[in-house]
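Read through the structure below, which is laid out as structure tokens, and then see the notes.
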Amino acid sequence: MAIAAGNVNLWTGLGSLMPVFGAIVADSFVGLYQTNIISSILYILGLGFSTLAVELISNNQETSRIAAVPSTELQVLFFVSLYLVALAQGYQSTIQVFGADQFDRQHQEESKANTSFFNWWLFGLSLGVALAYLILPYIQENIGWGIGFGIPCLAMVIGLILLLLGHRTYRFAIRRDDTCPCSYEDDQEASQNNPQQIIQAHEFLNKVLHAKKDDTKDNIISGSSRSKHTEVKKALKLLPIWSSCLMYAIAWAQVPTFFTKQATGVDKSIGQSFNIPSASLRVFIPLTTMCCTPIYDRVFVPLARIVTENPSGITEFQRIKIGMTISVLDMVIAALVEKKRLGIAQEYGLIDIPNSTVPMSFWLLVPQNMLCSIAYVFTIVGMQKFFYDQPKLFQSESFTVASVHMVNENEREIGGN
């Protein structure tokens with residue numbers, strides 16, 4: 001079990017890093033839309049190879065009539081397919097940003113819709129995850145692992161077809177640098193509202209980057225030649241916030257490992273003839289998310305707007321802090337439940353018996369899964385919205401880029417004439 005948990009964490013860690021590379025590819029090379037297509041193809045290939053691998057493994061075991069260890073070739077094929085899926089995880093950053101970019105943030109109504117988009121994105125994602133947790137574990141354990149992997153592969157094929165069918169309706173389907181829904185005037189206003197604060201921030205960051213302090217003010221006003229330097233400074237502004245948010249990942253990592261291990265050792269029966277698969281207990285996370293998201297978006301946010309006069313109800317920082325606080329409470333409850341489970345196991349003499357079932361109902365594991373979901377709604381969606389908004393909030397120098405685009409457009413018009 002420890003090896004399995006290590007493999008899960010390694011795969012999850014790699015998959016969590018891929019959105020960084022996906023964002024680089026999308027912003028610097030091919031664009032969001034094209035990156036989504038490439039990632040979807042990788043996803044389909046990974047799931048297709050994994051389906052083939054588990055089918056071959058199952059056939060070998062049926063032929064030998066024993067639970068034989070798969071051959072090295074089949075193990076390699078299976079792990080290659082899994083890591084192809086991890087590589088395809090780069091789409092997680094690009095597909096969400098691509099969807100959010102369909103809203104014009106300069107339009108009042110669309111700006112409000114953009115705020116809700118991240119909530120409803122999570123709702124749709126949770127619906128898919130809930131269906132997967134309810135259906136796939138049962139199919140894998142009772143019908144076959146090949147079908148269990150084949151269904152997600154088919155779902156990705158359908159998703160890619162739908163993405164391609166909407167090509168003519170998308171607003172921003174090329175590089176995000178060239179399609180940022182921010183106006184030149186807004187950039188100027190952002191740089192003029194509090195110039196002293198902006199200058200001080202850039203003075204500090206210039207020291208970090210070993211730049212000349214005397215050039216700070218000039219860099220803010222002009223300096224298209226320093227655009228790369230500017231982008232690095234913007235990234236450094238976000239680094240401390242991003243680093244602190246990594247702590248939440250420690251709590252979330254317990255879901256596919258520790259929470260699942262807990263579920264394997266408790267009574268999961270409903271009635272006299274039906275047992276819930278261990279992995280299906282995680283369904284309470286997306287189900288809770290689906291319940292909390294409409295309440296947050298349609299009840300909490302409007303009420304909070306009355307008090308705070310903030311279009312989002314509360315700031316994204318406040319949302320993140322609430323979520324991380326809930327995650328701490330979640331870990332405390334999970335520890336108490338595990339203490340009770342071990343106590344019951346010791347009472348019945350099951351501590352040293354592998355794969356034993358402790359006479360404790362699975363319902364005691366539900367609260368920690370539900371709290372994990374509530375923390376996710378606050379923390380993850382808050383982080384997604386916060387980091388998505390940064391190109392607009394930290395545009396103290398980016399109007400120089402907008403002006404370069406305007407010059408390029410003028411040059412093209414002159415050349416065309």
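All residue numbers here begin at 1 and follow the chain in the order shown.
Glycine is treated like the rest: Cβ placed from N, Cα and C.
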Among 12-33, 276-297, find the range that TrEMBL records as transmembrane segment.
12-33
Do any residues, 6 or more residues outside the transmembrane segment (77-99), come within under 8 Å Cβ-to-Cβ of it, and if so which ones?
11, 14-16, 18-23, 25-26, 32-33, 35-36, 39-40, 42-43, 45-50, 52-54, 56-57, 70, 117-118, 121, 170, 172, 176, 384, 388
Using a cut-off of under 8 Å between C-beta atoms, tell me which stretch among 12-33, 40-57, 145-166, 362-383 contacts the transmembrane segment (120-139) the most.
145-166
